[in-house]
Amino acid sequence: MVWQRQHVLGLADFTPEEYQMVLQTSASFQEVLTRRLPKVPTLQGKVVVTLFFEPSTRTRTSFELAAKRLSADVLNFSPGTSSLSKGETLLDTARTFLAMGSDLLIVRHAQAGVPQQLAAEIDRRGSPVGVLNAGDGLHEHPTQGLLDLFTLCSHLDPRRPRLELLQGIKIAIVGDILHSRVARSDIYALVAAGAEVHLAGPPTLLPKDFAQFVPGHTLPIHWQLEPALEGARFVITLRLQQERMGEFLLPSLQEYHHFFGLTRQRLRLCHPEVRVLHPGPVNRGVELSSEVMEDPGLNLIEQQVTHGVAVRMALLYLMGGGRIPA
């Protein structure tokens, strides 16, 4: 198998073969991360630039660590202290990094479509530089979708995570789906895997047209939590994106928790071996109760963080010209 994508901008058009390449390569790097010296020279001499125009701790740190574990040189761009504050355009800033000899650009922006604009400019120039979307507006967060997919598959078969493991498995995605780019990427990945995906949330945060989010596929929509949880093997709960909400979308955080917060009692409706995921940061007592948060036998949140490094290593490696491990 040969990786063909120059840019990873979203999962809407990912093929099953591409998902499998990412899962297989991520598993190899997950093993690397358990070694006494968790570093390989595969991207030595490559320059990786993180262009984060939106606050981020987890994603930025995960990408930076992934690049350094691959021995790449990492440049962190800070918009507040850059020429952007002096009137330079985003494209001009990107052109500067291209002229410096960058190999990969990791882009996070509050506006949907910015990574696509940069990728289009790179393609227009005929440059081999790759763009990796680290989250753009309400569009997508592909690396979170891929790490969630890897976490689920690895939980079911740690030695050989693969797409078909999720075939027919009921997975509930709960919460602020309207404002969640994570939900969008997760939906694409899980539907591609053949999972039975259910969406649950308040009507103001889960429009009914999400049922047709994936062309040719109808997703069950639940405005009450219990039907979505019944028999679910996994539950992915989402952070309430209060910074993106209008003031009338939720009566209060307490009311949200009352109707949609995950508690140990509610999780009894699920499969006996249910596991909970959350992209972080978690609002304790809102999306998840503390008892669920503190039970490592119930949630996979720490595994998501660990797997995030391996998955981002895999993508950087593949986009940087690496070969698929046998």
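Glycine too: its Cβ is placed from the backbone N, Cα and C atoms.
The candidate list Arg35, Arg36, Arg95, Arg108 contains one residue that Swiss-Prot assigns to the carbamoyl phosphate site with Arg58, Thr59, His141, Gln144, Gly280, Pro281, namely Arg108. Counting other Cβ atoms within 10 Å of each Cβ, the lowest count among the binding-site residues Arg181, Arg239 belongs to Arg239. Cα spacing between Pro281 (carbamoyl phosphate binding site) and Arg239 (L-aspartate binding site): 7 Å, rounded to the nearest whole number. Sequence-distant neighbours of Thr59 (carbamoyl phosphate binding site) (same chain, six or more apart, CB under 8 Å from its CB) are Phe52, Arg108, Ala134, Gly135, Thr143, Gln144, Gly308, listed in sequence order. Report note: the carbamoyl phosphate site is defined by Arg58, Thr59, Arg108, His141, Gln144, Gly280, Pro281, and the residues of the same chain whose CB lies within 8 Å of the CB centroid of those residues, excluding them, are Ser56, Ser62, Gly135, Val182, Pro279.
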